[in-house]
Amino acid sequence: MSKSLARKNGVILALDVTDEKTALTVSREVAEAVDAIKIGYPLVLGTGLSIAEKLSRIAPVIADFKVADIPNTDRLICEHVFDAGCDAVIVQGFTGPDSLTECVKTANEYQKKVFVVAEMSHPGGDHFFTDSVSKEIAAMAKKSGAFGIVAPATRPERVKELRGVIGSGLKIISPGVGAQGGSAADTIKAGADWVIVGRSIYGSKNPREEAEKVKREIEKYI
Ligand code: 3DU
């Protein structure tokens, strides 16, 4: 039985390493300081999807595949993700309500979760994800019954606005802390439930210490 996401520390590890040994070592080291491990194409293409099941024994796994296809293809992808032991999948919303609904329906069948990307965190991330588009995607995520959205830690003011759109029923996970310049405390204060942190944890000499640092930075706000 794979683990299910619950907030204790408010930190999610983005595990973009590409080999299994490092992935398992880092995950075991930081397990007590994070609430989930986010995996994506770098790790899965490097090791195979079987890594998900191994990691899911350590912490809940979120599959960041930014799923963005027609409903049938989306469903097939989500089935693989959940069969592999992941607790949640990250999907795009710009593909429209029918694709998103199919992902949520599949997740519900497995009793798993869908997060929808509302806006991205890199400098070009708001080029197409403009203010109104992001809000529309967030509203659609709420209507679809998704578990939460992804919003940029690099723009806490956007996290706050998107929280206003979805209300308190949906969760917000926010990448962009650390290597991309975002502040964990500001992001949580703006309304995020979890910050997602990758390179500044797994790329450091002491990943456990770095994860603990982020955890301590936000503990009074969660
Ligand atoms: O920048 P970091 O190394 O802390 O990693 C951030 C992770 O979050 C990474 O896996 C990236 O693919 C993901 N992500 C974003 O950075 C920004 C987004 O808008 C969505 C996902």
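Quick reminder: no glycine exception, Cβ is built from N, Cα and C everywhere.
Just so you know, TrEMBL annotations never went through curation; they're auto-generated.
According to TrEMBL, the domain 'Orotidine 5'-phosphate decarboxylase' annotation covers 10-214. Look at TrEMBL and you will find Asp16, Lys38, 64-73, Ser121, 175-185, 198-199 tagged as substrate binding site. For Asp64, Lys66, Asp69, the entry in TrEMBL reads active site, for OMPdecase activity. Feature annotation from TrEMBL assigns active site, proton donor to Lys66.
Gly182 (substrate binding site) carries a strand DSSP state (E or B). Less than 6 Å separates the Cβ from ligand 1 in the case of Asp16, drawn from the recorded positions Asp16, Lys66, Asp69, Ile70 in sequence order. In the predicted model, the domain 'Orotidine 5'-phosphate decarboxylase' (10-214) shows an average pLDDT of 98. A Cα-Cα distance of 30 Å separates Gly182 (substrate binding site) from Asp69 (active site, for OMPdecase activity). In this structure, the CA atom of Asp16 (substrate binding site) is 10 Å away from the CA atom of Asp64 (active site, for OMPdecase activity).
Under 8 Å, Cβ to Cβ, and six or more positions away along its own chain, Gly178 (substrate binding site) finds Ala184, Val197, Gly198, Arg199, Ser200, Ile201, Val214. A distance of 14 Å separates the Cα atom of Asp64 (active site, for OMPdecase activity) from that of Ser121 (substrate binding site). Ranking the recorded positions Asp16, Asp64, Asp69 by the number of CB atoms within 10 A of their own CB puts Asp64 at the top.
Counting every protein chain shown, 23 other Cβ atoms lie within 10 Å of the Cβ of Ser121 (substrate binding site). Asp16 (substrate binding site) falls within neither a helix nor a strand when secondary structure is assigned with DSSP, and so counts as coil.
Sparsest Cβ environment among the binding-site residues Lys66, Ile70, Gly182, Gly198 (other Cβ atoms counted within 10 Å): Ile70. For the pair Asp69 (active site, for OMPdecase activity) and Ser121 (substrate binding site), the Cα-Cα distance reads 22 Å.
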